[in-house]
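Chemist: Take this structure first; my questions come after.
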Amino acid sequence: MLQRCGRRLLLALVGALLACLLVLTADPPPTPVPAERGRRALRSLAGSSGAAPGPGSRAAVDPGVLVREVHSLSEYFSLLTRARRDADPPPGVASRQGDGHPRPPAEVLSPRDVFIAVKTTRKFHRARLDLLFETWISRHKEMTFIFTDGEDEALAKHTGNVVLTNCSAAHSRQALSCKMAVEYDRFIESGKKWFCHVDDDNYVNLRALLRLLASYPHTQDVYIGKPSLDRPIQATERISEHRVRPVHFWFATGGAGFCISRGLALKMGPWASGGHFMSTAERIRLPDDCTIGYIVEALLGVPLIRSGLFHSHLENLQQVPTTELHEQVTLSYGMFENKRNAVHIKGPFSVEADPSRFRSIHCHLYPDTPWCPRTAIL
């Protein structure tokens, strides 16, 4: 009798244990709430250790952005969008589809719709500007404006679009911001659709530039160029005489050139027009191109569209493929790691006769130019 009861009790216990196991394995864990999803996703972006990616990472952003606690779903999506933008391939490249073909034009553009500002200084008029007038500026003088700090009769004979800025000739952040302020005001007065800034050591491929800008409506907020840093710049913003706060943002380096749509430029007015650009630059105590990024990204919340079609002397220009020169918007020359830095291109001119390679590039793009030798340009 006792043995029979013991067996029944044992079978009942085993059955109960099996039922519990079935319930536990069949019932999934509770779904995390949206805020918890946000925290987990941001931790996965930051890495298992919770640290931000290193400088060499494609998703290099301000570490404080990735590891701080997220308190709302909207905040999470804002941070995640920024991190994904850093991890994605450079858009421009951003103006191109995955198959390598240009995006369909958003509007029809002509050269008269674009305002190209070339920043220079008196001492470089002969050494740099003469080369630009001989090459790319010769194609569209009417859309190109020279912003300089000194009068020059010889320069005035080249073009009527010379703007004397009354700014210092020094290469200081104040002098650079002074010239940018004049550039901005002249663009607004012009009524043109696009503002593009370049330096006097840039070659501008006008066909590629128009093709790129036509991909975006000029009435929308568009800020396109190439950053020289692999993460947002961190600055100190002066709020009042005794108060400052940290601020971080992306900016397109002026040495590669950048473009801004008229729709966005008009929104920049409170911080850029009528001399306000200088006072805005003093708030962060950084040069002109950084100040543009500060106004656009930090104050207006418009993200930089990063394009691999802009190039400065700060990068290794030897890596620009000759077969893709016709697609590049800007090129440059100078020194890189104590070596001569220019696009590697075979052409009718030797390196000694054409150290910048701008003449060879121009003949490659425009072989019908009268002074280009009638030889095969590789």
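Every residue, even glycine, has its Cβ placed from backbone N, Cα and C.
Annotation comment: Swiss-Prot describes ASP289 as active site, evidence class similarity to another entry. Taken from Swiss-Prot, the feature substrate binding site covers ARG128, ASP200. As annotated by Swiss-Prot, topological domain 'Cytoplasmic' applies to 1-8, with the evidence given as sequence analysis. Marked as topological domain 'Lumenal' by Swiss-Prot on the basis of sequence analysis: 30-378. Residues annotated as transmembrane segment in Swiss-Prot, with sequence analysis given as evidence: 9-29.
Relative to the rest of the structure, where do these features sit?
Modeler: Less than 8 angstroms from the CB of ASP289 (active site) sit MET180, HIS197, PHE251, ALA252, THR253, GLY254, GLY255, PHE258, each of them six or more residues away in the same chain.
In the three-state DSSP scheme, ARG128 (substrate binding site) is classed as helix.
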Chemist: Does anything in the same chain, at least 6 positions from ASP200 (substrate binding site), have a Cβ under 8 Å from its Cβ, and if so what?
Modeler: VAL118, LYS119, THR120, THR121, PHE124, ARG128, LEU129, LEU132
Chemist: Tell me whether ASP289 (active site) sits in a helix, a strand or coil according to DSSP.
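Modeler: It is helical.
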